[in-house]
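Would you mind keeping the following structure in view while I ask a few things?
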Amino acid sequence: MGYYSLTEVTAVQYAKEHGYFEKKANVVCHEIGDGNLNYVFKLDDGEKSIIIKQALPYAKVVGESWPLSIKRATIESKALQIFAKYVPEYVPVVYSHDEELAVTIIEDLSKLTITRKGLIDGEEYPLLSQHIGRFLANVLFYTSDFGLQSEEKRVLEGTFVNPDLCKITEDLVFTDPFGHYDTNDYESELQLAVDELWSDKTLKLKVAQYKYKFLTRKEALIHGDLHTGSIFSSPSETKVIDPEFATYGPFGFDIGQFIANLLLNALSREEEQRSVLFFHIEKTWSYFVDTFTKLWIGEGVEAYTKEKQWLPIILQNIFTDVVGFAGCELIRRTIGLAHVADLDEIANKETRIQAKKQALSLGRELIKYESKNADIQLFRALFQQTVSGGVKA
């Protein structure tokens, strides 16, 4: 029959045909997706519920003028299954995948809350940083040359060639926000700050280096889009979703994106409400380092993991990348194509513009920072310096 887009009616038919519900069951279906690339349906018969996710052959945020391969759905399904191999407690269960229709049927997580929404609403997730730090350490270690035999790693890397979505990252994270491109989207009040950003040659040289790292460093399997909208949370649970951008890339990319989105939320808050975000930033890194170190010592398969002086070098290199990638994410989420509600939903316009100027300023500082021998306290220090020092009008 070939590919066709599901509707709420045909999603129910599909689920029944594949044995998820009885033929006569009264199944309620709603399209609940709020992302840019897919349809997401929730199906519920009163006794059980499932999620059907279907990749569209174009970017929903733009329309059919931006075609995308539906093979990304297979990438996402495979990534979730790889993640589940190492940290099943932090990902939804994948029930099945239909490559022809680009349909994946997964566990319903609606008892949890999208982390971005929860943080905006002032919810606290005490285990968020512990869970994300451990998730990242396990996935990154076990899919790298340190935790996987080199032959196996090369084979696995070949299954995550993801050109369409990697091109989106290359453009929307590393290129477009730093120059005159039609994809950029920002308020006129930011124009002076944007002009200053675009004329900063030192900044552009650093961004070029981070883009090159993303293009060439195939260190481990990365989620590729690990922001707070790609995580479900409750006070006791954390689930990572939507790894359709998964590919082999730099160790520090996912960590940097996650930290940047915590910083964006911090910028949207009053000063006295920010401490929990810095707690999570610092604990994410400390749990990552602790877990990665234990795996390195106990599970390392690469001969040189026995060299005690190598691990600190690896961790410092990762941290350097975390800082720069976080800076790029701050800027792209402020003036690029895909904004975040943390900033865009600040009700007072003057406050919103000020927060966005601060995001641009902080992003620049992070990208340009020479972070040799720096530690995770850097984020708190640069944030306080940027916000308390104000920004140029």
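Each residue's number is its place along the chain shown, starting with 1.
Cβ from N, Cα, C; glycine included.
Under the heading ATP binding site, Swiss-Prot lists ASN38, LYS53, GLU107, ASP108, LEU109, ASP242, PRO243, GLU244. Summarising the annotation, Swiss-Prot assigns substrate binding site to ASP225, ARG332 and lists sequence analysis as the type of evidence.
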For a quick check of understanding: among the binding-site residues GLU107, ASP225, ASP242, GLU244, which residue's Cβ has the most other Cβ atoms within 10 Å?
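The largest 10 Å Cβ neighbour count belongs to GLU244.
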Between the Cα atoms of ASP225 (substrate binding site) and ASN38 (ATP binding site), find the distance and write it as a whole number of Å.
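Pair distance, Cα basis, whole Å: 15 Å.
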Could you find out if DSSP has LYS53 (ATP binding site) as helix, strand or coil?
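For LYS53 (ATP binding site) - judged by DSSP and reduced to three states - the answer is strand.
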Taking only the Cα atoms, work out how far ASP242 (ATP binding site) lies from ARG332 (substrate binding site), in Å, as a whole number.
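For ASP242 (ATP binding site) versus ARG332 (substrate binding site), the Cα atoms are 19 Å apart.
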Provide, as an integer number of angstrom, the distance between the C-alpha atoms of ARG332 (substrate binding site) and GLU244 (ATP binding site).
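Distance (Cα to Cα, whole Å): 19 Å.
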Just how spread out is the ATP site if you go by the largest Cα to Cα distance in Å among ASN38, LYS53, GLU107, ASP108, LEU109, ASP242, PRO243, GLU244?
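Across ASN38, LYS53, GLU107, ASP108, LEU109, ASP242, PRO243, GLU244, the widest Cα separation comes out at 18 Å.
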Which of the three DSSP states, helix, strand or coil, fits ARG332 (substrate binding site)?
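In three-state terms, ARG332 (substrate binding site) counts as helix.
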By a simple count, how many Cβ atoms lie within 10 Å of the Cβ of ASP108 (ATP binding site), its own Cβ left out?
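There are 15 such Cβ atoms around ASP108 (ATP binding site).
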